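Annotated features in TrEMBL:
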BINDING   TRP53, TYR146, LYS274, SER308, ARG391  substrate binding site
BINDING   GLY113, ALA114, ASP244, HIS309, SER310  pyridoxal 5'-phosphate binding site
MOD_RES   LYS274  N6-(pyridoxal phosphate)lysine
Amino acid sequence: MTSLQDRSRAAVWHPCTQMARLADLPPLPIARGEGPWLFDTEGRRYFDANASWWVNLFGHSDRALHDAIKAQLDTLPHVMLAGCTHEPAVRLAERLSARTGGALGHAFFGSDGASAVEIALKQSFHSWKNRGRPAKREFVCLKNSYHGETLGALSVTDVQVFRDAYDPLLMRAHIVASPDARLGNEAQALTAMRALLAERHAHIACVIVEPLVQGAAGMVMHSPDYLRGLRELTREFGVHLIADEIAVGCGRTGTFFAWEQTQADWPDFILLSKGITGGTMALSLVLTTDEVFDAFWSEDVTRGFLHSHSYTGNPLACAAANAVLDRFDAGQLEDNRAQAERLARAFAPLTSRMAHLRQRGMILAFDVPNAPARFAETFHLKARAHELLIRPIGSTVYLMPPYLIDDATAAFLAGAVTQTLDDLLNDVPA
Ligand SMILES: *Cc1c(COP(=O)(O)O)cnc(C)c1O
């Protein structure tokens, strides 16, 4: 019988993968998950250090999340959200609104992160148009930003490997210098933003930003001060600000919304996905203000936001998200702070082997100086031998683990990373 890996190679077109390379790099055949561990079909285990592409919050097979989904499954798995409504969606929207003190009191539902980005870009443009400003149709993103890979989202994404092949198809967004704590360039980044907004604000609808951590850029971090400056600039020049919290939301950086750390005015939009269902169901949300919402309020149907996805506001996904919020209501953030400190303590002794060890809550990253060619792939393969599932970005190794870090797990992670670095140095075969 052919292996699951061979069948997968023949029938499944894997994401973010050069399929021709799968012979050397066979996908791990995963059979089940339990807590932070994934188990392959042979029973070997791997610590899910990247939380299954940043979605998993409380580990795999979390009882409370599963129970919430099962209860919803027996009641109402799905109904369309146009012309109908249901308790799980209403409750979720109300609870997220409350977490912004009502500032972002209107929730539009999408199915994944990229669709949330598309929705926010369209809403920003359309709200300006409805207010008699149709010329405000340009978008601004930061250098090395990542906002997803559908054509609209890719237009505000500046990661070459994802973007270059499709460049001729994309909208021309403005790409502005991004802040990077390693370079100490936040003031310059704001100056560059000011120059662009001063010149083009009459044509610019919005700026989109990943607050505190540019994830796909390689966990590039900046301070809340930069975001405060950005909020002031976008207000001064009458431009919307979209906080893409798809990766950094849901407690990942130490507060429920990363934006809370700025203590500035709320942005005009916040996007959530990934962690919002704890890694169980596909769901995204676009939260926005009365001001944006009111621009669509009219007797004229075409002034409304006539956008939809079939699974919009799926009740199973909303039930999962409500169960995630229950955890935060019950003190998850305090627990995360203790977990983040454990990670920091476990990795502190290793600083001599790494450059720019940096951390924001439950994201820890470092750069590997003089990394060999194809470092990310090699590190990933060698780490598997140490029960660690991890996917570096370029020469940056990062942990974005489920929120299950006790002292033993923190020590395990630091040990497995160290052993993998040793193997790499000594060229031990994977
Ligand atoms: C993952 C991600 C997206 C895209 O979400 P998908 O669900 O993968 O489409 C957008 N923005 C950020 C910051 C992300 O990390």
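Including glycine, each Cβ sits where the backbone N, Cα and C put it.
On the structure: features taken from TrEMBL.
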{"residue": "TRP53", "record": "substrate binding site", "DSSP class": "helix"}
{"residue": "GLY113", "record": "pyridoxal 5'-phosphate binding site", "DSSP class": "helix"}
{"residue": "TYR146", "record": "substrate binding site", "DSSP class": "coil"}
{"residue": "ASP244", "record": "pyridoxal 5'-phosphate binding site", "DSSP class": "strand"}
{"residue": "LYS274", "record": "substrate binding site", "DSSP class": "helix"}
{"residue": "SER308", "record": "substrate binding site", "DSSP class": "coil"}
{"residue": "ARG391", "record": "substrate binding site", "DSSP class": "coil"}
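ALA114 (pyridoxal 5'-phosphate binding site) is 14 Å away from SER308 (substrate binding site) when you measure Cα to Cα. Ranking the binding-site residues SER308, SER310 by how many other Cβ atoms lie within 10 angstroms of each Cβ puts SER310 at the bottom. HIS309 (pyridoxal 5'-phosphate binding site) and TYR146 (substrate binding site) have their C-alpha atoms 22 Å apart, to the nearest angstrom.
Taking a C-beta cut-off of under 8 angstroms and a sequence separation of 6 or more, GLY113 (pyridoxal 5'-phosphate binding site) has the following same-chain neighbours: HIS147, GLY148, ALA153, ILE246, LEU271, SER273, LYS274, SER284.
Of the listed binding-site residues, namely ALA114, TYR146, ASP244, LYS274, ARG391, the sparsest Cβ surroundings within 10 Å are found at ARG391. In this structure, the CA atom of SER310 (pyridoxal 5'-phosphate binding site) is 32 Å away from the CA atom of ARG391 (substrate binding site). Taking a Cβ distance under 6 Å to any atom of ligand 1 as the criterion, the binding-site residues TRP53, GLY113, ALA114, ASP244 reduce to GLY113, ALA114, ASP244. When Cβ atoms from all protein chains are considered, those within 10 Å of HIS309 (pyridoxal 5'-phosphate binding site) total 16, not counting its own.
Taking only the Cα positions, the spacing between ARG391 (substrate binding site) and ALA114 (pyridoxal 5'-phosphate binding site) is 21 angstrom. Taking only the Cα positions, the spacing between ASP244 (pyridoxal 5'-phosphate binding site) and TYR146 (substrate binding site) is 9 angstrom.
Our reading of the substrate binding annotation (TRP53, TYR146, LYS274, SER308, ARG391) yields a largest Cα to Cα distance of 34 angstrom.
Per the record's binding annotation for pyridoxal 5'-phosphate, residues GLY113, ALA114, ASP244, HIS309, SER310 show a top Cα-Cα distance of 23 Å. For TRP53 (substrate binding site), applying a Cβ distance below 8 Å and a minimum sequence separation of six or more within one chain yields LYS274. Rounded to a whole number, the distance between the Cα atoms of ALA114 (pyridoxal 5'-phosphate binding site) and TYR146 (substrate binding site) is 10 Å.
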